[in-house]
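Record features (TrEMBL):
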- 159-177: compositional bias 'Low complexity' (COMPBIAS)
- 179-192: compositional bias 'Basic and acidic residues' (COMPBIAS)
- 101-149: domain 'RNA polymerase sigma-70 region 4' (DOMAIN)
- 149-198: region 'Disordered' (REGION)
Amino acid sequence: MTGNTRLPSHGRVGKRRAAAEIRRDAEFAAFSAGAAGRLLHTATLLTGDREQAERLLTATLARTYADWLRMRADDPYDQARAELVRRFAYRPWWRRPRGGVLARLTPQERLVVTMRYFEGVAEEQTAAQLGLATDRVRAIGARATATLRSRRYDPSGKPPAGGTPPAGRTPQAAPRTVAEARDRADRADRRAAQQVAP
């Protein structure tokens, strides 16, 4: 045999496949270097726990890597985010989030708030990814933002900064609902108006 022998056809295919895998590895490494931080932040918002978020991200990136050659025309970040959302949405109930800024929200509310307001995904896309109607996504988002606005979150449990309450007044607990907050504001306005009136 001479050094100029031709390889069988499966040898050329093997080289092409090896070259494609090398290219995939390089592209995926560049993608994960750029997107992993943002995806980890999204996962942390969803889970409320850094360790669970890292596990969720690892599983998501593993799936994205496996599907990398099939998603040539698609945006890889959108695909990775969709996989992250799917994995979070279908977690067992005993692994539901327990902490973080979004602790008072249900898992579905966390998904909608994170996708809509952190990721900036349109309502229609959010609805399609979660398998919900657009109006339902809008309602869940409104309910979640009302829940978040109803009371300030302080992980330390300390009262909000602003000094001590006026003499003779005891500090009140934070309002539990938006309606309660409005009632308190109305009462404060009436008290202020009574003090100004002669």
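Cβ atoms are placed via backbone N, Cα and C, with glycine included.
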Please work out the mean pLDDT for the residues of the domain 'RNA polymerase sigma-70 region 4' (101-149). 90
Counts of helix, strand and coil residues, the domain 'RNA polymerase sigma-70 region 4' (101-149), according to DSSP: 36 helix, 0 strand, 13 coil
